[in-house]
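Listed in Swiss-Prot for this protein:
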BINDING   CYS71, CYS73, CYS86, CYS89  Zn(2+) binding site
BINDING   ASP467, ASP469, ASP471  Mg(2+) binding site
Amino acid sequence: MKSQQEQHFDYVKIGIASPERVRQWGERTLPNGQTVGEVTKPETINYRTLKPEMDGLFCERIFGPAKDWECHCGKYKRVRHRGIVCERCGVEVTESRVRRHRMGYIKLAAAVTHVWYLKGIPSYLSILLDMALRDVEQIVYFNAYVVLDPGNATNLSYKQLLTEDQWLEIEEQLYSEDSQLEDVEVGIGAEAIERLLQELELEAVAEELREGIANSKGQKRAKLIKRLRVIDNFIATGARPEWMVLNSIPVIPPDLRPMVQLDGGRFATSDLNDLYRRVINRNNRLARLQEILAPEIIVRNEKRMLQEAVDALIDNGRRGRTVVGANNRPLKSLSDIIEGKQGRFRQNLLGKRVDYSGRSVIVVGPKLKIYQCGLPREMAIELFQPFVIQRLIKSTIVSNIKAAKKLIQRGDESVWDVLAEVITGHPVLLNRAPTLHRLGIQAFEPILVEGRAIQLHPLVCPAFNADFDGDQMAVHVPLSLEAQAEARLLMLACHNILSPATGKPIVAPSQDMVLGCYYLTAENPGAQRGAGRYFSSMDDALRAYEQGDVDLHAYVWLRYLGDVETNEADDRVLESETLEDGSILKIYRERKVRETAEGEMISQFIRTTPGRIIYNKTIQDALDLTERTLPEGLPV
């Protein structure tokens, strides 16, 4: 049995790769001792045999066989030849899936700068070299020379830019017989940038910058701090500045940039193959020109074209003219593949599909408790299927998994009863993208509902930043008992009343809820049906309203012995009357109170409306429930 090596890690760090690391990614030594990995030909596949060309972008020797357990020439076939390297074609006999992770590399005939570090915001190359971005660009794209060593020349300084004419003038002086100039060095292109970066002593520069920061202020200080921060990061990560200049380019595995044959015999290919082909063609042409000692101006032009080809491969359109393919469509570069919402990180790595999850539109569930959500039956039976199958077998309704699945597909009544049992006390997690803070994912107790939409309590909407205009939410089922316990104790919606950012309540009524509260408690002098009637209890008043005897906003008299708060103090007796039994009836603005001669209250009727009774009763019921559920001794 093949042993699997487990690797535990806490995080993935993305940094600059050294030239040696790039070579290590692509270079492999075959069991026969041969070293492979360098892609030297721009060809992809042979148009007659439809097999990958050797040393090309789909080379089987570099990336592995195109067919499982079969070499390029066909000498070795079948799994019994596993690990053998064919003597004729040099292809290792292994599985074709290695073509998804084996990389190659292109050894460049001239150094090129990485466009991210040159044209990114901020430009790290210009910050490290302490030069203007425009000047660095002129050097990289062969528009200006830079002084690498002024030697004994008094009119030159380190990192000074020179035009073509200025350099020719200095060159004439340098090579004349009576020249006094010595050790003057001038460079151009990415090689000059690489030399300047190699000469940077990071520790010494950092020390100088710290002294400069202490003695300066304003804009100059901010600029020094910016440069120091970049240098400190390089020191901390152990990366060297010259690694921002590339001498080798990694070639990603061929199955990640495929070429497929269409019905008409034509081929559809990834844009990356075209971009790699441009780089290889220009690189090979440059190597040939250097070999035949071509004039400097031609070599320099080819180096600039190589720089532009590598720029287009890494980030097409970042600088200069965008490289286009058929129909004038811009080619998708490596940056386009990994960046943005549809990129590799957000789409495929962070946004992976997971088991035991579903997704649907949310609608309001006004009758739900704050810790509940309405889960469509169709979704619930799919999410909780393993639990339902286990319960069906345990309760001997079916004898095996196959029979249980058939029962579920038929939608048998017994299945729904079992599902209701399974979801009782089993919380689910609801998540709404984008999850910007921890309240973007909360736990709820599921309630089975008809339809295909998830029902959500309106009070939790602010935490999710959700509304009901077509928003979608994802449902996840915590499987283990530990996950369920965490969901219930830490993530249940009723435990997340306060915002973790501000400490203020995030669960607050809004929109329909505020309007409903206003409508229930509003005054309407036109509502006269049942006005002035007396009711002995809240239930009597609500019954009369439900039967249509009283308007929602009609003023009625309700027997109520509790304290009543009003906007203005209601303690002025408007009228007083002594009744036959000796008791006294006192009439105030908002209430009628009957007292004994000694001043003890016998009864009290308050002036209110059925709407206000509904509002008060709802709040009172909620408070009574809280009092009953709180442990003894805790304040309400």
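We count from 1, first residue shown onward.
Using the three backbone atoms N, Cα and C, a Cβ is placed for every residue, glycine included.
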**OP:** Check the Cα-Cα distances from CYS89 (Zn(2+) binding site) to the binding-site residues ASP467, ASP469, ASP471 and tell me which is shortest.
**Re:** ASP471
Subject >> Nonlocal residues around ASP471 (Mg(2+) binding site), in sequence order (Cβ under 8 Å, 6 or more apart) >> reply: VAL361, ILE362, ARG432
Original post:
Applying the rule Cβ within 8 Å of the centroid of the Cβ atoms of ASP467, ASP469, ASP471, what extra residues of the same chain belong around the Mg(2+) site?
Top reply: ILE362, ALA466, PHE468, GLY470
Original post:
When the number of other CB atoms within 10 A of each residue's CB is tallied over all shown chains, which of the binding-site residues ASP467, ASP469 has the maximum?
Top reply: ASP467
Original post:
Looking only at DSSP and grouping its letters into three states, which state does CYS73 (Zn(2+) binding site) belong to?
Top reply: coil
Original post:
So which other residues, same chain and not among CYS71, CYS73, CYS86, CYS89, have a Cβ within 8 Å of the centroid of the Cβ atoms at the Zn(2+) site?
Top reply: GLU60, HIS72, GLY74, LYS75, TYR76, GLU87, ARG88, GLY90, VAL91
Original post:
Nearest to ASP469 (Mg(2+) binding site) by Cα distance: which of the binding-site residues CYS71, CYS73, CYS86 is it?
Top reply: CYS71
Original post:
Whole-number Å distance between the CA of CYS73 (Zn(2+) binding site) and the CA of ASP467 (Mg(2+) binding site)?
Top reply: 62
Original post:
Between CYS71 (Zn(2+) binding site) and ASP467 (Mg(2+) binding site), what C-alpha distance do you get in Å?
Top reply: 58
Original post:
If H, G and I count as helix, E and B as strand, and all else as coil, what does DSSP give for CYS86 (Zn(2+) binding site)?
Top reply: coil
**OP:** Can you grab the distance from ASP467 (Mg(2+) binding site) over to CYS86 (Zn(2+) binding site)? Cα atoms, rounded to a whole Å.
**Re:** 63
**OP:** Inside 10 Å of the Cβ of CYS73 (Zn(2+) binding site), count up the other Cβ atoms and send me the figure.
**Re:** 14
